[in-house]
Amino acid sequence: MPDLSLRELLDLDRRHVWHPYGPMPGRQEPLVVESASGVRLRMADGSGDLVDGMSSWWSAIHGYNHPVLNDAARGQLERMSHVMFGGLTHEPAVRLAKRLVDITPEGLEHVFLADSGSVSVEVAVKMCLQHWRSLGRPAKRRLLTWRGGYHGDTWQPMSVCDPEGGMHELWQGVLHRQVFADAPPAGYEESYAAHLRELIGRHADELAAVIVEPVVQGAGGMRFHSPAYLRVLREACDAHDVLLVFDEIATGFGRTGTLFAAEHAGVTPDVMCVGKALTGGYLTMAATLCTARVAEGISRGEVPVLAHGPTFMGNPLAAAVACASIDLLLGQDWQTEVKRIEAGLREGLAEASSMPGVRDVRVLGAIGVVQLDHEVDMAAATAAAVREGVWLRPFRDLVYTMPPYVTGDEDVARIARAVRAAAREG
Ligand code: PMP
C-alpha cells in the first residue's frame, strides 16, 4: 500500500480502528504520530513535536528510538524473531529470566514470560489458585484487594479493580466477587492496618491471595500510600496462609525512586508482576515471578503444571530488548535521573496547589499528579497541554505525568507547565 496522506489515514482510522477505551470507530479524532525520538513525538500534521509526558503509559523510560534498544532488536531480528516456547527455549528468554530474578526482591525465583501486563496478572491469579488447589485447599480461591486499584482489562484483573466508579464498573455482577478493603490512606494509620488484618483474618479460609499495587495505585486514581501497609499485608498473609501478590507493572523499573516499589517496604511478595517498562516500551512483554514455595505447591497437584501457555510467550525479540533495556537502566545512575525529575516536577507543580479547582498535588519519583475537584474535560485539557507542546492524557479528575527518565530539565519544566494548563482549562 502506498503511503497514506494524512486525510486518508484519518478517514480509515475513523472507519475501522477501535482505540483503547474509545467510542466506536468514527466518534473520536486521534492525533497522528509520524515518528518518535528521544522524548519527542513528531506529529504528522506538520505542527511539530510534542514532549511525551506519558512515556507511552509508563513504559518508554529511555525515550524513543534509542540506539541501544534499536541494536538489540535488530540483532535479535537477524537471529530469530519468534519461536514457540513449548518444549523449546532460547538465550534471550533465559537471560531475561536470570536478570529478573537477580534484580527483584530476594526469594522470587521462577519467571513466567507473559505477553501483556493483564495476562501476567491472570497468570499470577492462576498460580495462587492452583497452589492452594494442589495443596488440597480448593476453597481458597477468592482474592482480596483494596479499593482504588487497577490491574488490567482481562477477566480476573478486572475483578480486582475498583468496583465502584472504577474503569470496570460496567461489569459488576458478572465478574468474580472478590473481597475489598477500603482504599489505603496516604499516611500510616493504625486503624487502617487493623482493618486490613481483620479482613484477611475473617476471609482467610476462602482467600487464595491478596493482590495490590505497592506504594502507587495507578490507573485507579494515581494515589500514593505508606509502604508500611505492605509490611502489614505481609505479616497478615503469613499469619493466615494467604499468598501476597504485588502488581509492579506500573511501579517497576525505577518509577517510584527504587527499582521496585516493594523495596520501599523491604517486603518480598510470593508473586510479582512486571511489564510496561520491562522492554523500555518497545515491545509487548510482561512477566510473573514467584517463589519456590508457590511453584512447589503447584507441582504437587493432580495437574502438576502451570496451566497457561500463550502463543507468544517468551518472545525472543521482546526478551532481547528487555535485557538491553534493563542493562541500559542499571548501567547508568538512574536514581539520580529519577530524583532530578522528581525535584523538577515538585517545583513545577507547586503553584498548582493554590489553583482554583485543584484538590491535591502529589509527586513521587518520576510521577506527578494534579487531582481536581471535578471531572476533567478530556478534550479541553489535552488541547491545553498540546498548546504547551506536551502530550498528556488526563482522565477522570486527574491530570498526571510520568515522563521518560531521559527528559531534560527544560522539558520537565515544560511538562509541569502543560499539567498546570490542562488542570486550569480542563
Ligand atoms: N497492572 C497495572 C498496575 C497497570 O498499570 C496496568 C496497565 N495500565 C496493568 C496491570 C495492565 O497491563 P497491560 O495494559 O499491559 O495489560
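Cβ atoms here come from the backbone N, Cα and C positions, even for glycine.
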## Note on the structure
Among K276, K339, the candidate listed by TrEMBL alongside W57, Y150, G309, R393 for substrate is K276
### Query
TrEMBL records G117, S118, P310, T311 as pyridoxal 5'-phosphate-binding residues. Which of D52, D182, D247, D373 is assigned to the same site?
D247
### Task
Please check each of the binding-site residues S118, D247, P310 and report the ones with a CB atom less than 6 Å from an atom of ligand 1, ordered along the sequence.
S118, D247
### Task
Report, in whole Å, the straight Cα-to-Cα distance of K276 (substrate binding site) from S118 (pyridoxal 5'-phosphate binding site).
10
## Note on the structure
CA pair P310 (pyridoxal 5'-phosphate binding site) / Y150 (substrate binding site), Å rounded to integer, equals 23
### Query
Under a criterion of Cβ-Cβ distance under 8 Å and sequence separation of at least 6, what residues of the same chain contact D247 (pyridoxal 5'-phosphate binding site)?
V121, A124, G149, H151, I211, V212, E213, P214, M272, C273
### In the chain carrying G117 (pyridoxal 5'-phosphate binding site), residues 6 or more apart in sequence that have Cβ under 8 angstroms from it
G152, I249, C273, G275, K276, A286
### Task
Identify, in sequence order, the residues in the chain of Y150 (substrate binding site) that are 6 or more apart from it along the sequence and have a CB within less than 8 Å of its CB; answer 'none' if there are none.
C161, D162, G166, M167, E213, Q217, G218, A219, G220
#### Entry: In three-state DSSP terms, the structure that G309 (substrate binding site) belongs to
coil
